[in-house]
Amino acid sequence: MSCPVIELTQQLIRRPSLSPDDAGCQALMIERLRAIGFTVEHMDFGDTQNFWAWRGQGETLAFAGHTDVVPAGDVDRWINPPFEPTIRDGMLFGRGAADMKGSLAAMVVAAERFVAQHPDHQGRLAFLITSDEEASAKNGTVKVVETLMARNERLDYCLVGEPSSTEIVGDVVKNGRRGSLTCNLTIHGVQGHVAYPHLADNPVHRAAPMLNELVAIEWDQGNEFFPATSMQIANIQAGTGSNNVIPGELFIQFNFRFSTELTDETLKERVHALLDKHQLRYTVDWWLSGQPFLTARGKLVDAVVNAIEHYNEIKPQLLTTGGTSDGRFIARMGAQVVELGPVNATIHKINECVNAADLQLLARMYQRIMEQLVA
């Protein structure tokens, strides 16, 4: 199949960029962008490769994404080696095809076509690309954003190429994401022999009423943009492995996916109040992965909706569901942030694939968004 979007996607898939290794993907993109007049700035931190590229000046539309992928898993279960892209029945198979090398290829080809038609475009077109999104996400987009903010870079609109669609490309776009807050809680007791409970203090027994109350709390009711805040216990650990020892500590890890109805500080206060109410001895460590963000209807959302309606003749759903994305960092710059990418049904799975025709369509959508905002 001779299509520049498919060809570039295949070239990117052939580079086994297991997070945070870029494996040469960014060099491939940079070569194409420099050829059409982009200025490229490398922003590497630790073992992570990032770049910020721009062309023109004025109102800025950035396309953001990541070159890294998750491990392939059992390669023997793939219909083809995961880093050897193949097309079967119109589907392009390969690790990263949907998440998100297809989007990266569509962005680059869209930029090439846009610049060819609008060499003197009015606004600034930019790219923010990282190799650290799938793993720790500590040296990737967040560090680039901090650098850009420190020098007062302008970023008005950002389109993240995460695979947002569910059945056909463009049926769902994400105009926000919930916040993510993790609590690592240790309840302290006194270890002892199970036959002498009066000489010990079992932290599991102590914590049980608190846990029962914790899981029953309705944190909020959500709002028109976000579902209700969710709390899920992810890990519980206690005991020595012996059946005759009362444990001295209980470790509980739980995560909140929270809406704009709450702040991380409010959640922390409510958890601490619950622990104190039950008179527990505890230590707690909090990790805020990201604040919730929302892009209301405006120029970017309207441009994205217009592009989808024009090329796919459907009206997309605007949702904030799912996990976190690098959009949470970019939103700090005050930018309108929207995620639009291919169908996500096979991401992170064996035999990850994407409809090849969808990638061609996605490139056209990206180009039309550019034309509406920075032409």
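Glycine is treated like the rest: Cβ placed from N, Cα and C.
For His66, Asp99, Glu162, the entry in Swiss-Prot reads Zn(2+) 1 binding site, with the evidence type sequence analysis. Summarising the annotation, Swiss-Prot assigns active site to Asp68 and lists sequence analysis as the type of evidence. The Zn(2+) 2 binding site feature in Swiss-Prot is assigned to Asp99, Glu134, His348. Residues or ranges marked as active site, proton acceptor by Swiss-Prot: Glu133.
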Enter the number of other CB atoms within 10 angstroms of the CB of the residue listed as 'active site'.
26
Reduce the DSSP letter at Glu134 (Zn(2+) 2 binding site) to three states and note it down.
coil
In whole Å, how far does the CA atom of the residue listed as 'active site' lie from that of Glu162 (Zn(2+) 1 binding site)?
12
Please report the distance from the Cα of Glu162 (Zn(2+) 1 binding site) to the Cα of His348 (Zn(2+) 2 binding site), rounded to the nearest angstrom.
13
At the level of the C-alpha atoms, what whole-angstrom distance separates His348 (Zn(2+) 2 binding site) and His66 (Zn(2+) 1 binding site)?
14
If you rank the binding-site residues His66, His348 by how many other Cβ atoms lie within 10 Å of their Cβ, the lowest count goes to His348
Would you count the other CB atoms within 10 A of the CB of the residue listed as 'active site, proton acceptor', including those on all shown protein chains?
25
